[in-house]
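Feature annotation from TrEMBL assigns domain 'Cation-transporting P-type ATPase N-terminal' to 20-94. Annotated transmembrane segment per TrEMBL: 69-91, 103-119, 267-286, 298-321, 720-741, 753-773, 794-817, 829-848, 860-882, 894-914, in sequence order.
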Amino acid sequence: MTFPTTSTPLSPVFPELSDSWQTLSVEVSLEKLQSDADKGLNQQQIQQRQQYFGPNELKEMSGRSLLKILWEQFTNIMLVMLMAVALISAVLDLRKGEFPKDAVAIFAIVILNGLLGYFQESQAEKALAALKRLSSPNVRVIRASEIEEISATELVPGDIMLLEAGVSIAADGRLIESQNLQIRESALTGEAETVNKQANIILGEGVPLGDRINLVFQGTEVVQGRGKVLVTRTGMDTEIGHIATLIQGVEAEDTPLQRRMSQLGNVLVSSSLVLVVLVVFVGVLRSGWQNFEELLEVSLSMAVAVVPEGLPAVVTVTLAIGTQRMVRRHALIRKLPAVETLGSVTTICSDKTGTLTQNKMVVQKIHTGTDTYEVTGEGYAPQGDFIVQDSDEYEINTELEQLLRACVLCNDALLHKKGKNWEILGDPTEGALLTLAGKGGFYREDLWLEMPRIAEIPFSSERKRMSVVVQTFQEKGGNSYVMYSKGSPEIILERCTKVYRNNQAVSLNGEQRKQILAQNDQWAAQGLRVLGLGIKPLEEIPEDNDSEKAENELIWLGLVAMIDAPRKEVKQAVLNCRQAGIRPVMITGDHPLTAQAIATELGISQPHDSIVTGQELQAMNTLELRKIVSDVSVYARVAPEHKLQIVQALQHQGEFVAMTGDGVNDAPALKQADIGIAMGITGTDVSKEASDAILLDDNFATIVAATEEGRVVYDNIRRFIKYILGSNIGEVLVIAAAPLIGLGGVPLSPLQILWMNLVTDGLPALALAMEPAEPNVMQRPPYSPRESIFSRGLGLYMVRIGVIFAILTIILMVWAYDHAHQSGDPNRWKTMVFTTLCLAQMGHGLAVRSDSQLTINLNPFSNPYILGAVTLTTSLQILLIYVPPLQQFFGTHVLSFSELLICFGFSALMFVWIELEKLVSRWFLSKKSKSKSNFNRI
Ligand code: ATP
C-alpha cells in the first residue's frame with residue numbers, strides 16, 4: 001500500500017502498512033504500526049496520524065443523487081397533470097391569438113414547486129445525515145496508557161481498540177487478544193453464521209476474507225466475547241470502504257401517511273380526469289360543440305382545483321418539525337414513520353435498569369458466610385465504612401476481604417477520579433462493586449497486577465453471570481489459578497457446593513442455602529439489586545469448550561445488595577401514560593421481588609399483581625402467553641428471547657407496542673416491536689441499528705414525551721388536511737356551479753386556483769403544522785395507526801365545510817354577477833369570488849386550530865405563525881387586486897372599497913359558521929354526558 005501524498009511536510013516516520021495483516025504475528029504488526037498493546041499510541045502520534053489519514057469515515061456511495069431527487073419532483077403525478085393542463089391551456093390561448101399567460105404561469109409554478117420540493121428533500125437528506133452522525137458509535141480504546149471512549153471517526157491506524165458483545169466494529173484490525181470472540185460478518189461476506197475469531201494464529205497470503213479469523217473488519221458486529229485489536233486500516237481503506245457500500249445509517253422511508261397521501265394524489269388526479277370528461281361530455285350533449293372551448297376551460301379549472309398541490313410539501317415539513325421537536329426532548333428518530341406512529345402506541349415495554357431507574361448504583365449491604373454488613377458512603381467515591389449489623393463494630397475479616405477481591409477481579413469497569421469527582425467507565429453495576437472494594441482498600445490497579453486475568457466467560461443476559469480465571473503467583477514459585485464468578489444470586493448459589501467461612505471452604509448445607517435465599521429475597525423486596533459471588537481454585541485453565549462446566553462446584557463468598565433508585569420523573573411519566581390510555585410494562589432481567597418493589601413504587605403495578613418470570617414464560621405455550629399478556633405488567637428474570645415472545649403476543653392481542661432494548665440479543669424484539677427503542681447511553685451499536693428511535697438519555701419519561709410529540713404531529717396533519725381539502729372541495733363546487741346556474745365564463749382561472757392552493761392555503765397550512773399540543777392530548781386514548789386519515793369525522797367535515805364554503809361563495813357570486821354587470825365592469829364578479837374564497841380560508845385557518853375550543857378562548861400567541869401567515873396572505877391577496885402588474889398577471893380587477901368589505905363580510909361568515917358548529921357540538925356533548933349521569937343515578 002502506498003501512502004497518500006500530502007502538501008504538509010511530515011517529519012515523523014510513518015508506520016509501514018501491509019496488505020496482508022493475516023500473515024503477520026501480533027508482535028510484527030505492532031512493530032509495523034509503531035504501537036504498543038498495553039499503552040496504545042501517544043498524543044503526538046495520534047495527532048500526526050489523524051492529520052495524515054483523515055477521519056475514519058466512509059464516503060456515502062448510496063443514497064439518492066441530487067439529480068435523482070430533482071427528477072423525482074417532476075415525475076410526481078400531480079405535477080405531471082398540471083403540466084398537461086398548461087399544455088392544453090396554451091393551445092387554447094394560442095388559437096385565440098392570446099399570449100398563453102396561464103400556461104406560462106402554471107409552468108413557472110410547477111418549476112417552483114419542483115424546486116421547493118427538491119430543496120426540502122435535499123435538506124431532509126442532509127438532516128438525516130446529521131442525525132446519523134449523532135448516532136455514530138463510540139469506541140473504547142487504549143491511548144497514552146489510559147482506557148478512554150472516543151468517537152469512531154477519530155480512530156487511526158495503530159490505535160488499540162477494545163471489543164465486547166454488541167459493538168459494531170469501527171475499523172479493520174489485527175486481533176491482539178481474543179476471549180470467546182464471535183463476530184457476525186454478514187454485512188461483509190453475506191454469511192449469516194458467526195465467525196469464531198482467534199488472535200494467536202498466523203494465516204497464509206491467499207486466505208479468503210471470510211476465513212481471516214485473526215482479523216476483524218469494519219461494519220461487522222461482535223455477538224459474544226471480548227477482544228483487543230490493533231487498528232490497521234480506517235475510512236475508505238477498510239474492506240467495507242473498498243466495496244464502498246454504506247451498511248449503517250438512518251433510513252429515509254416513506255411514512256404510512258406519506259404513502260397514503262400519494263395514493264390520495266392518484267385518486268384525486270383520476271377523479272379530476274373523470275370530472276373533465278364528464279363536464280365536457282354533458283356540456284356537448286346539452287349545447288353541441290359551439291361551447292366546447294369554454295367547457296374545456298371550466299373543466300381544466302376544476303382539474304386544477306381538485307388537486308391539493310401544496311399538501312405533500314406541508315406533510316414533509318410537518319414530519320421534519322416532528323423529528324426536531326423530539327430531538328429537543330431527547331428522542332432521536334432513526335426511521336421517519338416512527339414520528340407519526342409514536343402517537344398510536346398502546347403499550348410501552350420497558351427495561352428496568354437505567355430506563356426506569358437511575359443506573360447509579362451504590363452498594364448498601366453485604367452478607368458473607370459469617371457476617372452481614374451495612375456499607376456507608378455516597379456515589380462512586382470509594383470512601384465509607386463496613387459496619388457489622390447489630391453492632392458498631394468495624395472490621396474487614398478474611399471473608400469480606402475475599403469477597404472484595406472478587407468484586408475487583410471479576411469486573412470490567414474502570415473507576416477513576418476526574419477533578420473532584422469519581423467516575424466510572426463501563427457498567428454501573430460493576431462500577432458500584434469497584435467503589436465498594438475501594439472502601440476496603442482494594443483497587444484494580446494493584447490487584448490486576450498481582451493476579452492477571454487469563455481467561456473469562458463474559459456476562460450475557462441469558463447466562464445472568466460472568467466468570468474470570470486469574471493467575472496467582474505462589475511463593476514457592478509455582479503457578480496456580482483461581483476462578484471468580486458473579487451473577488444473579490440464585491444461579492451462582494446453585495453452582496456452589498461450599499461456603500467460605502472462618503478462612504476455609506466448608507460444605508454448604510440446605511439450611512444455609514435457605515438462609516442465603518431468604519436474605520436475597522428480603523433485600524430484593526426492598527427494591528435492592530442483589531448479586532451473588534463465588535470462587536474456585538483451579539489446577540489449570542479450563543478448555544474453551546468446557547468453560548461452562550468449570551463454573552460448577554464453586555465456593556460461596558456472599559451477597560452484595562445495591563440501591564438503584566427509580567428516576568424521579570418516571571412516576572409522573574407512568575401516570576401520564578395511564579391517563580393517555582397507554583399501559584407501561586416492565587420487562588427486566590432482575591429478581592422478581594426487586595422488580596415488584598420498583599414497579600409498585602412507580603405505579604406500574606399494584607403490590608399483589610401477579611409477576612411472570614422467565615422460567616414461567618419458558619413453560620408457557622403461545623396460546624397461554626396470549627391469554628395472560630394483557631394483564632401482566634411485570635416480567636422478571638427474563639432473557640432477551642422472551643422479549644420477542646411478549647411483543648408478538650401483545651401484537652396478536654391488537655396492541656401497538658413500543659419496546660426498549662440495549663443488548664445485542666434485544667435486536668429481534670426491537671425489530672418486531674411496532675416502535676423499537678434503543679438506549680443512547682448504555683445501548684449496544686447492534687441494538688441501535690435495529691431500532692426506530694434512540695433515547696439519548698435512556699429515560700422512560702422521554703418515551704412518554706416522544707409519544708406526546710407523535711400525537712401532536714398526527715393531530716396537526718389531520719388539522720391541515722381538513723383545512724386544505726375542505727377548501728378544494730369548495731373551489732370545485734363553485735367552478736362547476738357557475739355554468740350550471742347560467743353565469744357565462746369560468747369564475748376562477750387555473751392560475752388563480754394555483755395561487756390559492758399553493759399560497760393562500762399553503763402558508764396557513766404550514767403554520768398549522770406548528771400548532772402546539774392541545775391540553776387534552778395525553779388525556780385521551782391512542783388512535784389506531786391503521787385508522788383511515790378520514791376517520792373520526794374528518795371526511796365528513798371536509799365535505800360539510802366544502803359545501804358551506806361553496807354555498808356562501810355561490811350566494812356572493814350570484815349577487816356579484818348582477819352587481820358587476822349593472823355597474824359597467826362585468827368581470828369584477830370573478831375577482832370578488834376569487835377574493836372571498838381566499839379570505840374565507842383565513843377565517844377557516846384561525847378557527848380550525850381547535851376542534852372544541854372557541855378561537856376567542858385560544859391564546860393567539862401560542863402559535864404566532866398562524867397570525868403571521870393570515871396577515872401576510874391577506875396582504876398579498878390585496879396586492880394582487882390593486883397592484884397593476886400583478887392584476888395583469890393574475891387577471892384580477894380593482895374592487896371598490898365597499899365591494900372589498902362585502903368580500904370580507906362573506907368570508908367572515910365562514911369563521912362564524914365553524915365557531916357555531918363548535919358551540920353546537922359542545923351543547924350536544926354536555927347533553928349526552930348529563931343524560932348518561934342521570935342514567936347512572938337511576
Ligand atoms: P434490565 O433488564 O431491566 O436492564 P437487568 O440489568 O437486571 O435489568 P440484565 O442486564 O439482563 O438485566 O441482567 C440480568 C441479571 O444478571 C441481573 O439481575 C444481575 O443479577 C445479573 N447481572 C447484571 N449485570 C451483571 C454483571 N455485570 N455481572 C454479573 N452479573 C450481572
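Using N, Cα and C of the backbone, Cβ positions are placed for all residues, glycine too.
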Candidate ranges 69-91, 267-286, 794-817, 860-882 - greatest C-beta contact count to the transmembrane segment (753-773) (under 8 angstroms): 860-882
Stretch of maximal Cβ-Cβ contact with the transmembrane segment (69-91) [cut-off: under 8 Å; candidates 103-119, 267-286, 794-817]: 103-119
The domain 'Cation-transporting P-type ATPase N-terminal' (20-94): DSSP-derived helix, strand, coil residue counts: 48 helix, 1 strand, 26 coil
Long-range Cβ neighbours of the transmembrane segment (794-817) (under 8 Å; 6 or more residues past either end): 718, 721-722, 725-730, 732-734, 737-738, 741, 743, 747, 788, 828-829, 832-833, 836-837, 840, 844, 899, 902-903, 906, 909-910, 913-914
Intrachain residues whose Cβ lies under 8 Å of the transmembrane segment (894-914), provided they are six or more past its termini: 801, 804-805, 808-809, 811-812, 816, 819, 828, 831-832, 835-836, 839-844, 846-848, 855, 878, 881-882, 887
Intrachain residues whose Cβ lies under 8 Å of the transmembrane segment (298-321), provided they are six or more past its termini: 76, 78, 81-82, 85, 88-89, 106, 109, 113, 116-117, 120-121, 123-124, 127, 255, 257-258, 261-262, 265, 268-269, 271-273, 275-277, 279-280, 283, 336, 339-340, 713, 716-717, 720-721, 724-725, 728, 731-732, 735-736, 738-739, 746, 748-750, 753-754, 757-758, 761-762, 765-766, 769-770
